[in-house]
């Protein structure tokens, strides 16, 4: 039949005993069939080979047939469900066979029967099937009547409560799943189970809330107002985090509060976060805890404090956390006090998860505070560990290591010291050659920071042929990679010599440059304008670039100023015009273009001060009277009404605009300005690159 998986057991291995068990299921005497099922149940307990034999011999379709037959007794149906549940406890192949035989719809149908013992047996089997990674969770949501019916069964017994909440927590994988469960009353139905006398029920209910609240504002905002036996749910979670509770409960309750906090339902300075959740998660990182508890504790703590500098500072001085995490890289060692061989074998296989969790937590800890970054880099062999992490076989460890490196690269001090001393750029460049997109995004973000002008790594990176690599990133389908590619080029062009600028223009190609100027992603457009502005800084460079690409650049500028773009984009574009106006020969491209002059005039009278100021810079540079042709330019601009506008702007309420206009009307003063875009400048146009 369709559900038979012959691998890994071949028919030749099937014993006569196994055949006998299956044959008895077809006996015409119902009593003998029942006894046959009971004997089969006893035979398969703890015997994976026997389970596989029976599946190969077609026991599953027959058991399902008996389970669904109205003429079968309640006892027979329940025993069939128990045997199917036992078969499901075997290998993943067993589960696949059961799912292929449509066990899930058959068991869900069985839940409509009034008999509680049968319902519990069906739910137990469903639970076992659904917690397997090979079962498609979507099968729970195919029939829209299933979830409301499961909700209605929660009140039947402690077993139904335990199995149903376990099914929900394993099958809630997407925002859509969260919404379905929420809309069918998951919160009201499951909340009372948190004070059940059964530990298993309390635990599964708690796990349900953790998956429901994860990155879900609607659920989290609802949870924060829920009362359980006249006590706020958040306080119930706080009690569950007490040290005398089982570790699994402490950890899951901490996750619930973490997710509610990240979703905005609880403030980061709330005492239940600062005094309860954070210390509980730090406790989970200690070496007394099991490997999986340390991993989950560190990853949850990293997530909790990721956006909040105050929580990062508190965590960094709680229980010597920074030093405690260093132990994550030493475990398990040959001298580990693990007497359980199975546990040692498990931990050796999963040690990389500890390293991944430590990198994630270090990244979160060091994302804002300079002192914490210093503390991290001074932890024993930390930079060497990060460098090693960049070349680990596990993609998840590589991603976590580069995320940690990126967090530390936000520090000017670390860029100048640790990053330089350990030549971090070399493994980073290697990582960029061939990596999945998520690693590439983080690695290229880090590279942006290593290319800042004060970073000693900038020169060796330039010499390593990075320009071609960055140009290829700008052609990626991923907007994040396009942004990073162009951002790194922008940093590279900042105060660069003409040779480097020429290489960038050649490698990128004018066609790609102008394609990026019409990119649908506004971040890509902003960074491309930033690159262009850096290419057009210092007069010889401005004149050189404009002599070869002037026509296309003026065309692109016109299109952006005419288009539906943000204030920031238009401000950046006007700053490019101001730089062009600072060139010796390039300024003629503006003076001979009446359309552009009218646009500058329009923006000088705009309601937004930033645009007025940027447009006024253009005119300042055009009318500076110490250059050839300045008189003719002044005459033309006076005719076009620019001087009148400048006079009006001297009365502007904004002091910067007022000063700039006043200076521009006194043309004997030196008025020429051109700006490179980097982390800051006179216009505050740049997004601060350190910290990206």
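From the backbone N, Cα and C atoms, a Cβ is placed for every residue, glycine too.
Positions annotated as repeat 'ARM' by TrEMBL: 58-94 (among others). Sorting each residue of the repeat 'ARM' (58-94) by its DSSP state yields 28 helix, 0 strand, 9 coil.
If you look up TrEMBL, you'll see 508-550 (among others) marked as repeat 'ARM'. Counting only same-chain residues 6+ beyond the ends of the repeat 'ARM' (508-550), those with a CB under 8 A from a CB of the stretch are 471, 474-475, 479, 482-483, 486-487, 489-490, 493-496, 498, 501, 556, 559-560, 565-566, 568-569, 572-573, 575-576, 579-580, 582-586, 589, 674-678, 685-687.
For the repeat 'ARM' (508-550), residue counts in helix, strand and coil come to 34 helix, 0 strand, 9 coil, using DSSP.
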